[in-house]
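I'd like to ask you about the structure that follows.
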Amino acid sequence: PTFPARFNVSVSKPVTPAATTTTTSRPETRRTSTPRRVIETPEEDYEYSTEEIPVVPSSRPRLPPPDLSKQCALPQQPAADPDVNSDSGFRFGNSKDSRMEFQTVGDLKRNTRFSVSFKTYAQEGVIFYVSDKSHTDKIALFLKNGSNCIYLSITNGEPKFVVGKKMKLQMDIKPRTNDGILMAVHGSSGKDYMVLQLIDGALHFIVDNGAGSFNCSLKLDDSVSLCDGNWHNILVVKILNLATLAIDGVSGQAGVGKPGVFVTNTEDPLYVGGHPNPVGLPGFLTTDQYVGCIRKLSVNSVSINLSDGQSDGKVFLNSCPTI
């Protein structure tokens, strides 16, 4: 028959043997060449129990909940999110031709300086392009046969960012990894610096005024993770030789530097979201770049507008998916 087929199977009940009568006489036995010893056990030696054994149904074992401190709720590659808007944050690389494009950069003087720090996974691409309407006069910076997100470079209108005696930085973050550089600035001597980074889900704020580093670190309660897919407010403050750090209004223990040394003499740009070349620089506990979103950034109580870029052509809007 073609499979599956039906088979008629008859099942017979076991036949209960009839009761027998035991006599004292034993039947005559013939001995063979190899005698066999018969051991008789009286029937009364056996005890039979009619008690039913209870059957306990087995259940599926319960696995412990995942440790959110070791993994992130959001994937590194975000999914499509219909609820994003201009207040959702700032992220590059969500589409092939994503970029920031400004309608005008003002009149270019005889001496003009452009500054940008970037990291990309493409070998080639245009970093920025400026021209007149006829595209006769133009300036372009592009990558060819290179390797390696674009980071916001804040220079206070000058070619350098000086931390000095006091500095306050605040922002909202929604990370997709437990490790990464959130903010960094160094001095030319290499002794003065200020670094904020994520290490295994904990925030570390390290400052050096040139006389030795001092730092503070903070990790949320075990039931809460910075990588839980929600926005978290970060506040770091450096005052003289003190460094403080707060997450969602919860402060950690302050770090104290050497007395009498109060100024952090930095000269590089302030990098937010990563660093172009962290290898070999002091203060870094990781070389991983930050993966995730940042919004509501302010430096020394001055709001930094992350949505100045306008959409033009094949531009992905500057917004951060929440899934």
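Just so it is clear, glycine is given a Cβ too, placed from its N, Cα and C backbone atoms.
Note that the structure is a prediction, hence the values are computed from the model and not measured.
Below are the features I grabbed from TrEMBL:
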type: REGION; residues: 1-86; note: region 'Disordered'
type: COMPBIAS; residues: 16-26; note: compositional bias 'Low complexity'
type: COMPBIAS; residues: 41-50; note: compositional bias 'Acidic residues'
type: DOMAIN; residues: 141-320; note: domain 'Laminin G'
type: DISULFID; residues: Cys293-Cys320; note: disulfide bond
Can you count the other CB atoms that lie within 10 A of the CB of Cys293 (disulfide bond)?
23
I'm checking region-level scores; what's the whole-number mean pLDDT for the domain 'Laminin G' (141-320)?
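Here the predicted model's pLDDT, averaged over the domain 'Laminin G' (141-320), is 82.
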Once the DSSP letters are reduced so that anything not helix or strand counts as coil, what is Cys293 (disulfide bond)?
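Reduced to three states, the DSSP call for Cys293 (disulfide bond) is strand.
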